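**Student:** Annotation source Swiss-Prot lists active site, proton donor at Glu87, citing similarity to another entry. Swiss-Prot lists Ser457 with the feature active site, acyl-ester intermediate, giving similarity to another entry as the kind of evidence. Annotated region 'Transglycosylase' per Swiss-Prot: 49-220, in sequence order. According to Swiss-Prot, the feature region 'Transpeptidase' maps to 398-711. Among the features that Swiss-Prot reports, topological domain 'Cytoplasmic' is placed at 1-6, with the record citing sequence analysis. The feature topological domain 'Periplasmic' is assigned by Swiss-Prot to 28-785, with sequence analysis given as support. According to Swiss-Prot, the feature transmembrane segment maps to 7-27, an assignment based on sequence analysis.
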Amino acid sequence: MYKSLFFFLKIFAILILLGCSVTAYIIYHYSHDLPDYSQLVRYYPPSVTRIYSRDGKLMEEYAFERRVFVPINNVPSSLIESFIAAEDKNFYNHPGIDLLGIVRAAFLNISNYLHNRRMEGASTITQQVVKNFLLTNEVSLERKIKEVIISYMISRVFTKHQILELYLNQTFFGRGAYGVAAAAQNYFNKSIEELTIAESAFIAALPKAPSELNPDKNYSRVKARRDYVIERMFEDGYITRDTMKEAIGSPIVLRKRAKEETVTADYYAAQVREEVIKMLNSKEEFYRGGLTIITSLDAQMQKLAENALRKGLREFDRRHGFRKPIANIPLDHWQEALKNIPTPSSLLEYKLAVVLDVSDNHAKIGLIDGSKARIPIIEMQWARSNLKSVKTLLKKGDVIVVEPIKDCYALRQIPEINGAIMVMNPHTGQVLASVGGYDFSTSKFDRVTQALRQPGSLTKTFVYLAALENGVKPNQIFNDGPIEIMQGPGMPSWRPKNYEGQFLGEMTMRTGFEKSRNLITVRVATAVGLTKIVDIIKRFGINNEPKKVYSMVLGSIETTLSRITNAYAIIANGGKKVEPHFIELIKDRNGKIIYRRDNRECFSCNILDSDLDTAILEIPKEDIYRVTDEASDYQITSFLTGAIDSGTGYAARKLGKIIAGKTGTSNDSKDTWFIGFTPKIVVGSYVGYDTPKELGKKATGSNVVLPIFIDFMNHAYKDEPSLPFKVPDSIKLIAVDRITGKMIPDGTVIEAFKVNNIQMLENDYMIDNHDIFIPGISDQSQEIY
C-alpha cells in the first residue's frame, strides 16, 4: 500500500516538474519576440477634435476614432465598479490573469456547450488591454500565450489604476464611440459624471458585443445584459438591493444631443478644418489631436443666414417655372415604387410624393409612409403663368417634390441655382456666419471662399473712392453720355454702355453712383487714372493682380465673396485694415492654449468642454492700419447709404435702419451680388450658377440678391437700434441741390465735404465741372451698342 502511494506521489511530482518545465520553456520561447509594452507609458490615444461656436454650441466633430480621453481620477467610482462587475470581478486581486476565473469559465463552458449556449470568456481587463494595444484579434494558441505573459508582466509594472485608464479610454463601445466619455455622450448625451447606475451598467455591458447590443434593434437582449451587470454589482457589494431593483426597473432611454446644444454650419466647419490643418501642417494631428476649437460663429446668425439664402434661391428658381416631374411610376403598389425612386440630392426638408389623381383645382398625392394628401392649385401657381387647371401641369404617376404647409402640401422643386452669404463684424473681422452653398451634402464647394466670380458694379465703390481720395468733390458734375476709350496701339476701342442702354445726361458724381451708371463710372475712372484704381483694388484685397484695363472698373476682375465682403468691411469700420477670421482660439487635449487670435491675457480661455457655454472671449485690440483716410471713407459710406435711400438698393429701406450698400451685376447677368452694412455688421451675398450662365435678362443684384439681405436683416437685426455712421472731424456736412450740385440752404441732399475743401467751395459757389478735361475720352453722339 505504501509502495503504491509512493509510486503515485512520484508520478505526481514528475508531472508537476514536467508541467513546470513545459511552462518555463513556453515562457522562454514566447518571451523573445513580445511587443514592447513600454509604449503604454506614453499612451496618446486618437481623440475627437471638436469645433464650437462662440457661444459654446457644438458645430462639428472630426476624428479617426471618436474618443475623448478621461484621466482615471475623473472617472466616477460607480462607472469603474460597473466594469469590474461586468468584466473582471477579481481585477484588484490577480496578477493580470485570473486562474480561478479560467477554471470557473472552463466548467461553465462545459455546461454551456451541453445546453447549446454561448461560451464565456475568462479574459481579464489587463488581458483585454494587451489585446487592444499590443496584439491582434487572431484566434490562436500562440496569441493567447503571449497575451497571458504580457498581462502578467504589465501587472508588475503598471498600477491597477493605470491599467483601468488604458482600458476605459481605448475600448470600442459601438456607434463610433471609443472610450467611456464618448460612449456616455453618444448614448445618453451626458458627461460620465452625470451617468446613473443603470446607464453606467449599460455602457459596461457593451464591450462584449458592441455592434450587436443595439437597443433600437434588440431591446430585450440589451436590457438583459445590462440587468446582469447590475445584479453582479449587487452581488459584489457595490450597490444595495434597493438600488439594484430601482436600476433594473428603469428603461433604457437613449438621448441625442439637443438641437439647442448644436449648430449646423457645414461650410464654416470645413473652412475651419482647412485652416487648422494648414496651421498645424498636419492632417494627422487635426484628426487625432483632441483639439478644442472655438470659432467666431454666431449660432443664431448662422441659422438665419442659411434660411435667407435657401429661401432666396428657391424663390428665384420658382420665378422661372416648373421644369418637370422627377419620374413617372405605375400606381399599382405605388408606395413600394416610390420607395425605389432614388432620393434626389438636396431634398432637405422637402419630401417625395406621387400624384395619385388630378382635377382642375387640386392634385391628390401619396407619400413614402403611405399617407395621402392634396396640393391645391394655389400652391402650384408659380409653376406656370396663368395656370388654370392642374391637369395641364401634372398627370397620374408623376413623382414630384413637395413641402408640407399647414393642412396641405405645396409643389416644389430643388433649385439649380446656387449662392452664398457671409456675415462679418467689420471692426474685428470675426466671421459671424458663412454659408457656402445651398446644401453641403450635395456640393462641398464653398462659394464664399473658393468661387472666383466677377463682382460687377461692386467694383464701382472703389473707383469712386479712388476719386474721393484724390480730391474729386462728391458734387462734381459728370456726363452720362456715350463714350469711347482708346486703349492704345493695336487695341480695339472700348465703348461701354449703361445697363438699360439709355443716357441721362449730366449729374453729380453721387447721383451717378446711386443709380449705378456705368458711363459715369468710366468717366470718373478716366479722370483718376487706372494706376490709382489698380492700387486701391489691391490695397483693399479684392484682387492681388488686377489687369490694368478699363473694363476692370465695371467689374470684369475676379474675386471671391469673402474678399469683396472684407473690402466693404474696411469701409464700414472707417477705413482700418481688417481680415476675415473664423477661429478665435485652439486648445490641445490637455486644455493648453496653442493658438489665440488675440495675444492679450484671456481670463475665460482656461475652460473645459463642459464650461464652453459660459465662456466669453474678449474683443481683440486689432493692430490699427489705415487702408484709406477717414474723410474719404465717410464720403463713400455716404454714397453707399444714398444707394439704399434713393438708388439700386432702395428696397432695403423697408428695414427702417441706416444701411449702406451696393448691388452688383456682372456682364450678361451671370453673377449677381449685394453687400450691405451698418456700423456693427457687414453682410455679403452672391447668387449665380456654378457653371456661369445668364440668370435672365432682367436678373440683377437688386431683384435676385437684395431680397436675401433684406430677409436676413429683418430677422437678425429687427430689434437692433438704427445707428448712424460716425462723422469724422475732417468732414463737414453741407446741403446741396441733388441735380445741380450747388450749395443751397434748403438743398435736397446733405453732402459730405472734406474740411480742407470747404474754402475752395466757398470761393466757387457754383460748382460746374462740365468742361473738365479727361484725356483719352472721345464723346460720341451716336448710341453705343
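Just so you know, glycine gets a Cβ as well, placed from its N, Cα and C.
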**Student:** Quick check on the active-site residues: of Glu87, Ser457, whose CB has the lowest count of neighbouring CB atoms inside 10 Å?
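**Tutor:** Candidates: the active-site residues Glu87, Ser457. Fewest Cβ atoms within 10 Å: Glu87.
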**Student:** Compute the C-alpha separation of the residue listed as 'active site, acyl-ester intermediate' from Glu87 (active site, proton donor), stating it in Å without decimals.
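**Tutor:** Their Cα atoms are separated by 70 Å.
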**Student:** Roughly where does the topological domain 'Cytoplasmic' (1-6) sit in mean pLDDT, to the nearest integer?
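**Tutor:** Across the residues of the topological domain 'Cytoplasmic' (1-6) the model's pLDDT averages 62 on the 0 to 100 scale.
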